[in-house]
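K.L.:
The structure's right below; bear with me while I get my questions together.
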Amino acid sequence: MSVERSRLTWRDTISEAVAAITQRPVRTLLTALGTILGVGAFVATSGLAETARAQVSSRFDALKATEVRIQDAAPDGTNPFPDDVAARLERLNGINHAGLYYTVADSGSLQPRTTAARPVNSGAAVPVIAAQPGAILAALPVLQVGRIYDDFHETRGERVALIGRAAAAQLGVARVDNQPVVFIGDIAYTIIGIIDDVQRNPDLLLSIVIPASAAERDLQASGANYLVLIDTAPGAAQLAGRQAPLALRPDHPERLQALVPPDPKRLRNQISGDVTSLFLALSGLALLIGTVAIANATLLNVIERRAEIGLRRAFGAKRSHIRRQITIEAALVGTAAGITGASLGLLGVVATAASRGWTTTINPTTILAAPLIGLVTGTIAGLIPAIRASRTPPAETLRA
Amino acid sequence: MTDTVPPAVESVVVVEGLSKVFRGPPEVAALRPCSFRVGAGEFVAITGPSGSGKTTLLSLLGLLDTPSSGRYLLDGVDVAGLSDNDRAGVRARQIGFVFQAFHLIGYRTVLENVELGLLYHGTAKAVRRERALEVIERVGLSGRMHGLCSQLSGGEKQRVAIARTLIRRPSLVLCDEPTGNLDTVNSDAILTTLEELHAEGMTVVVITHDAGVAARAQRNLQIRDGVLSETVGVG
Ligand SMILES: Nc1ncnc2c1ncn2[C@@H]1O[C@H](COP(=O)(O)OP(=O)(O)OP(=O)(O)O)[C@@H](O)[C@H]1O
Ligand SMILES: [Mg+2]
């Protein structure tokens, strides 16, 4: 004689699970709360960690020295650099702009001015800087009006000039569309741009800047402090400093000396590593606490229902029927609570970052993993007591 | 694996040397080896003082627990040979329970609790609903159909429990002190319903320590300190 089997359709399993969730809203909320808190804490902590780390990085990026100066290691009054500085350097990796730069020595004969006639009583003279276009660009300038002279002007030794904001005020130049000129010595240079600001070499703001080739030809400059200014890509300063002397003077690289900033990468990595491991520890802790909270809430919920499980068994439920129902319940609650917790945690991160003026940076895996953590932890925590209760003889679970 | 008793016997329950020892500590011999039969359509009362082993015996009869020794044939099938899933199947199809503590699902409605009687039969939802309405009507709870079970009185709860068993039309109804928590009026209503079930051909075994309840059964078994003995029927 064969026994007729117990049967529970999937539809009925799901509707029993949904009823258990929706018809005990307080209990469900309490269960969910553990998961919401757990997942929320995890997302918030790891999100803040990520954001803070990115913040540290970007602070360092902002400060990150990308400036390299090459100077004469043994100054003898002559220009130690070749003519084609930019061409030689800009083909090296990580170098954005490079060019020769020096202040033209002025014994008082230059008398920069906007009129042909020399002034009778000369006040403080505006300095004249000779710079190749790359050196100006390496200062990261912002123009008020006009434009920067380029390689064309440089190679041809065009008589053009840029003037700094302060020098423009001193000379009384406000516009360039009327092609104003500045006289240096007795030579007129057309002003083609006014520099409003620079991030490096603020001397540029106080000076008249002319192409290095023009300065050499017109002003017979010598005895100046010759420099090559280089702007590098972030992180390339060290390499540029090592390669530039050889690129510029393959015959006598020792004649040149590179001034590079302290390696910011190592410092940043160190600090960012510290921050990361600190927050990683915190996230781990939050995850642990969260897991315990989820497990605890779900565990309590199921233990509370031992008698119900016993009853269902008495009325013919198979162990697998109990497992299925509890799994579905725990999965639904865990996922919903996980998503809620992740959203709240994310909101917390965004709000915190916004109040600090930081950019929220969060690893998408964290957000995607969070509901999964709720799901998996909740399901395991729900299943273990459910399996135990369904293995206990119903006589015992009903006795409670 | 399964032994079959001759069909002529027509016993729903055949128990031979059935016993239960709870492995402690302390070890409790809750039911001493006992043998008896319950014929199809009988109404049997088992009486005995508290702690004598009544619930233990009923749990064994209802496949809610496994015996320490002995044989139990239910409808001619030796249940010792059944897998856990098969035992669940037997409980689902053949046995109905009424507990002293009701064991309703408090957060579900009367209707849903009654429908649970057929849930593990795989019966279609619509059929369950239809039959639930019938039996709820029969126990006089139509007005409370959509109320939560946690909000019912004791008497009403037991009527829901009876309806939940009724809907299954089991061959064997096992009741553990069904009137233990009820006043006389409610007790009487429950007993009347049990008598009706019996009249409809179901086999009913009622545990009680109420002599009045026992008096309404066809046959009385007595249990004392785990030892079962048959007394002369009064009714
Ligand atoms: N799971 C168990 N573990 C240990 N001892 C148990 C267990 N279940 C019952 N007992 C013991 O077995 C004995 C019989 O218990 P049972 O519940 O069958 O008595 P009862 O006749 O139903 O009593 P009552 O009328 O109070 O319900 C009691 O001494 C009880 O303490
Ligand atoms: Mg009892």
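Note that Cβ sites are derived from N, Cα and C of the backbone, with glycine treated the same way.
Unlike curated entries, TrEMBL annotations are predicted automatically.
Remember, predicted model here, so these are calculated numbers, not experimental data.
Heads up, here are the entries from TrEMBL:
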DOMAIN    A:28-237  domain 'MacB-like periplasmic core'
TRANSMEM  A:278-303  transmembrane segment
DOMAIN    A:281-394  domain 'ABC3 transporter permease C-terminal'
TRANSMEM  A:328-354  transmembrane segment
TRANSMEM  A:366-387  transmembrane segment
K.L.:
Looking only at the domain 'ABC3 transporter permease C-terminal' (A:281-394), what is the mean pLDDT?
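P.N.:
Taking every residue in the domain 'ABC3 transporter permease C-terminal' (A:281-394) and averaging pLDDT yields 86.
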K.L.:
Sort out the residues at least 6 away from either end of the transmembrane segment (A:366-387), same chain, that have Cβ-Cβ distances under 8 Å to it, and list them.
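P.N.:
Residues 31, 35, 38-39, 42-43, 46-47, 50, 287, 290-291, 294-299, 301-303, 306, 309, 319, 322-323, 326-327, 329-331, 333-335, 337-339, 341-342, 345-346 contact the transmembrane segment (A:366-387) from elsewhere in the chain.
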K.L.:
Residue list, the transmembrane segment (A:278-303) vs rest of chain: Cβ under 8 Å, 6 or more residues beyond ends.
P.N.:
27, 30-35, 37-42, 44-46, 48-50, 52-53, 326, 330, 333-334, 373-374, 377-378, 380-382, 384-386, 389
K.L.:
How many helix, strand and coil residues does the domain 'ABC3 transporter permease C-terminal' (A:281-394) contain under DSSP?
P.N.:
100 helix, 0 strand, 14 coil
